[in-house]
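What follows is a set of notes on a single structure, which appears directly below.
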Amino acid sequence: MENAHTKSPAECLSYFGVNEHTGLSPDQFKKNLDKFGYNELPAEEGKSIWDLIVEQFEDLLVRILLLAACISFVLAWFEEGEETITAFVEPFVILLILIANAIVGVWQERNAEDAIEALKEYEPEMGKVYRSDRKSVQRIKAREIVPGDIVEVSVGDKVPADIRIVSIKSTTLRVDQSILTGESVSVIKHTESVPDPRAVNQDKKNMLFSGTNIAAGKAIGVAIATGVSTEIGKIRDQMAATEQEKTPLQAKLDEFGEQLSKVISLICVAVWAINIGHFNDPVHGGSWIRGAVYYFKIAVALAVAAIPEGLPAVITTCLALGTRRMAKKNAIVRSLPSVETLGCTSVICSDKTGTLTTNQMCVTKMFIVKSVDGDHVDLNAFDISGSKYTPEGEVSHGGSKTNCSAYDGLVELATICALCNDSSLDYNESKKIYEKVGEATETALCCLVEKMNVFNSNVKNLSRIERANACCTVIKQLMKKNFTLEFSRDRKSMSVYCTPAKGDGGAKMFVKGAPEGVIDRCAYVRVGTTRVPLTSAIKEKIMAVIRDWGTGRDTLRCLALATRDTPLKVEEMNLEDSTKFADYETDMTFVGCVGMLDPPRKEVTGSIELCRDAGIRVIMITGDNKGTAIAICRRIGIFKEDEDVSNKAYTGREFDDLPSQDQAEAVRRACCFARVEPSHKSKIVEFLQGNDDITAMTGDGVNDAPALKKAEIGIAMGSGTAVAKSASEMVLADDNFSSIVAAVEEGRAIYNNMKQFIRYLISSNVGEVVCIFLTAALGLPEALIPVQLLWVNLVTDGLPATALGFNPPDLDIMGKPPRSPKEPLISGWLFFRYMAIGGYVGAATVGGAAWWFLYDSTGPAVTYYQLSHFMQCHNHNEDFTGVDCDIFEASPPMTMALSVLVTIEMCNALNSLSENQSLIRMPPWSNLWLMAAMTLSMSLHFMIIYVDPLPMIFKLTHLTFDQWLMVFKLSFPVILIDEVLKFFARNYIETGKEVK
């Protein structure tokens, strides 16, 4: 049924053809069940494990590696002699890497699908309905409730469907619908129709929503929507329809993979084509096919060399280390790539309640009447410190601390606050904090009484548990509460009927409620211990102060407190009929007024300042009304004190009324959205994404889940619902906005470090490609074989690359604007730099092998012509007289080449400590992890040269002292070359960037 909130109860009942007292007949139930289905949310149809595994292999780099592994595998079958075993090592290792990567990927994806499943925890098991086959109410499974069912709910129940209330069977009906609307206080419901067809859920005061909880009262209503048609069901559909966006890093790596794969394919084809003339060389036994296969193997080796196999593992490790550092700052990251996304966040959309504020109502101001002279009235106003539910804080008057017991008016005000109250404060020993028991507003009044301590009780030596309610207990011992006249919407107040615990003093009635309602029923004002008639002029003055407190910077929620000195006798009252309560609360004396608010967290203002410096816009999104929202924005620095906010703050309704183009413009400018629904949050994220903003969105309720899933970074609160947590990328353990800012800083540092190690690995791979390309182009014997390349890419390069993730962050990291997600990982200049470095790495590696052939004292001392035409070496060729042709497959030159490559890479790791800073400014010991990783890498390299049987597997042998000396001579210049390139970058190429 559409817009049931706009219809009267009778219209809703007739729409379903049902009677409030008898309910649906069995036939009607069967018909409606066939039409609407069971009242449950469908289980999420997750991807099968097989689909998820296949998805992991959709990455281009992974596919190329897979292809290389398959080809190596096929070629290994045709190997002869002792090489058979080593030939199988390479495809086996590649497959192992790919499997490990796929396992990590699948595990991550499985977690993401729990979000929609978690919604099911809000489905109640049972429901109470009236059906015509039974005389009384019957309990049935909630899934069997259909639209048209007459449902009964009472305190403690979870609402089983979306229900239009038909009649309320108690004084009031309060519902906690925070999971759905984010409202921090329970909402009072009624039965009258709400005429606005576009009302937001917060304003549908005659509706009960599936999954919310009844906080007080009892009611009967007609189910108007079940299953997926309920509000919570719509949220499920939104979540199921939200596609997970790729993070900027994933997009970058995809793009990078594509470029790399094109370059690799090109080089492989080129190397193969260059050597077509050599296919018939005698070394291949004169067989053209064997020659083609030999060069095909070299092309495959090239592919293996060009792909940084270690990259996925290093990135995962770096992100995992980042998540550990973030966890220490109370930000628990659920999806690894989002760690880096945080670094380019340009907008943070934050909930108000509990994130920017403490979600702990506190009284910050109060006043009593000081004196009355004719129509002139003087008030005594007091300020109260403290921003949490604790009994600690001071009452001050005119800036100095006050002794509350000196004011009779304050003693009476404290008495009303303590007695006209069903809540209390409790000390939770396991969490070591004070918590509310009951209503937020009433708990704030309990805290006020404790801070006032009007009877000067000795509270210093009490334990925390005793301290929680010490002062309230003293007051409750003096007066006995006989009964309570519950709050009702028509009079907007509640009262308690009390008699003195000792002696024979008369009964009193203490009242608290909305100022306009209470003051209208007051005939007097309290001045000291006497009472003075309340004239309209005095009333106007008091209301003016209350209006002032309710607007402006504070936007306090005000409560008036009053006493009826001579109430009716108990037997004269009808306590069953709540419509009469207003008549009993008349002829009252106004005592005072308290103003409370949900105060901002202390550290938020500083964090918002930090965001401003870092070029990040903070948008506050709240279900509260606009006045309160703007006031909090001013308090925490989102808006300046006197800033004009006419185009910077909107309610959900105002936003909806704008044409689409203006909505986009509004989102570009605004910093505050009030009275919003979940659908608005998703819309705001969409517009921000349209502006190329990277958005972090906070939320804690079920209602926030679709927006959390849609935003690049969904941030759930530690105290939030399971749905919100599983739909998000990050959970704030302490619900604190400042933790988001700390996480953004960490994200920026991680990206910078990631850039360094990606570049480090790439320049290493460029070196390997150049090495293979040079040997093929110059016709030299192969210097490195695939299994050696794999070892370098995975182990010797992987360790320093991982350690680069520990580089210290730049000092001004939060002084720069967020980087654009479109910024390339490797710019034109950097590409040149890494080609230059890679070119040297490749040339030096080939040089090391060639040096052994041409000049080493233990080598064969062949000529360069013989070396570059080694393919033509056979016994009958005069050019090779006296040369043993097997020497061209010896292991010392390979060992030389590999040692040069590994040592150069260690020097290159030092170059990567900083993008442009010289090693003189940023010495190696600024990252001790890197020093340790380099030591370990070199130790592992020595191991494969000197520890049997590894030299056999890797085709290596021992090196002499002179050979090691040559290795170092060839390796060290890479540091000098990069220092020159860094000097140019600092002084000529990237100077503009620094200044900005």
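Every residue gets a Cβ built from N, Cα and C, even glycine.
Here the topological domain 'Cytoplasmic' (1-48) returns a mean pLDDT of 88 for the predicted model. What Swiss-Prot lists as topological domain 'Cytoplasmic' is 1-48 (among others).
The transmembrane segment annotation in Swiss-Prot covers 49-69 (among others), and the record cites similarity to another entry as its basis.
What Swiss-Prot lists as topological domain 'Lumenal' is 70-89 (among others), and the listing cites a curator's inference.
According to Swiss-Prot, the transmembrane segment annotation covers 90-110 (among others), on the basis of similarity to another entry.
Among the features that Swiss-Prot reports, topological domain 'Cytoplasmic' is placed at 111-253 (among others).
What Swiss-Prot records for 254-273 (among others) is transmembrane segment.
What Swiss-Prot records for 274-295 (among others) is topological domain 'Lumenal', and it gives a curator's inference as the kind of evidence.
Annotated transmembrane segment per Swiss-Prot: 296-313 (among others), in sequence order, evidence recorded as similarity to another entry.
According to Swiss-Prot, the Ca(2+) 1 binding site annotation covers Val304, Ala305, Ile307, Glu309, Asn793, Asp797, on the basis of similarity to another entry.
Taken from Swiss-Prot, the feature topological domain 'Cytoplasmic' applies to 314-754 (among others), supported by a curator's inference.
Summarising the annotation, Swiss-Prot assigns active site, 4-aspartylphosphate intermediate to Asp351 and lists similarity to another entry as the type of evidence.
As annotated by Swiss-Prot, Mg(2+) binding site applies to Asp351, Thr353, Asp700. Other C-beta atoms found within 10 angstroms of the C-beta of Thr353 (Mg(2+) binding site) number 22, with every protein chain shown included. According to DSSP, Thr353 (Mg(2+) binding site) is assigned to a helical segment.
The Cβ neighbour count for Asn703 (ATP binding site), using a 10 Å radius over every protein chain in view, is 29. Among the features that Swiss-Prot reports, ATP binding site is placed at Thr353, Glu442, Arg489, Lys512, Arg557, Thr622, Gly623, Asp624, Arg675, Lys681, Asn703, with the record citing similarity to another entry.
Within the same chain, residues 267, 270-271, 298, 301-302, 305-308, 310-311, 314-315, 318, 780, 782-784, 789, 792-793, 797, 800-802, 804-805, 807, 825-826, 830, 834-835, 837-843, 845-846, 897, 901, 904-905, 908-909, 911-915 sit at least 6 positions outside the transmembrane segment (755-774) and bring their C-beta atoms closer than 8 Å to a C-beta of that stretch. Swiss-Prot lists 755-774 (among others) with the feature transmembrane segment.
Secondary structure at Glu905 (Ca(2+) 2 binding site), as computed by DSSP, is helix. Of all Cβ atoms in the shown protein chains, 26 besides its own fall within 10 Å of the Cβ of Glu905 (Ca(2+) 2 binding site). What Swiss-Prot lists as Ca(2+) 2 binding site is Asn765, Glu768, Thr796, Asp797, Glu905, and the listing cites similarity to another entry.
Residues or ranges marked as topological domain 'Lumenal' by Swiss-Prot on the basis of a curator's inference: 775-784 (among others).
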Taking a Cβ cut-off under 8 Å, which residues six or more beyond the ends of the region 'Interaction with PLN' (929-940) line up next to it in the same chain? 795-797, 799-800, 802-804, 806-807, 902-903, 905-906, 909-910, 913
Quick check: in three-state DSSP terms, what is Arg557 (ATP binding site)? strand
Any chance the transmembrane segment (895-914) and the transmembrane segment (254-273) are in contact, meaning at least three CB pairs closer than 8 A with a sequence separation of 6+? no
Tally of helix, strand and coil residues over the region 'Interaction with PLN' (785-805) according to DSSP? 18 helix, 0 strand, 3 coil
Should any of the binding-site residues Thr353, Arg489, Arg557, Gly623, Glu768, Glu905 have a Cα within 10 Å of the Cα of Asp797 (Ca(2+) 1 binding site), which are they? Glu905
Of the recorded positions Gly623, Arg675, Asn703, Cys885, which sits closest to Asn765 (Ca(2+) 2 binding site) by Cα distance? Cys885
Kindly assign Arg489 (ATP binding site) to one of the three DSSP-derived states: helix, strand or coil. coil
In the structure shown, which of the recorded positions Ile307, Cys873, Cys885 has the fewest other Cβ atoms within 10 Å? Cys885
Within 10 Å of Gly623 (ATP binding site), Cα to Cα, which of the recorded positions Asp351, Glu768, Glu905 are there? Asp351
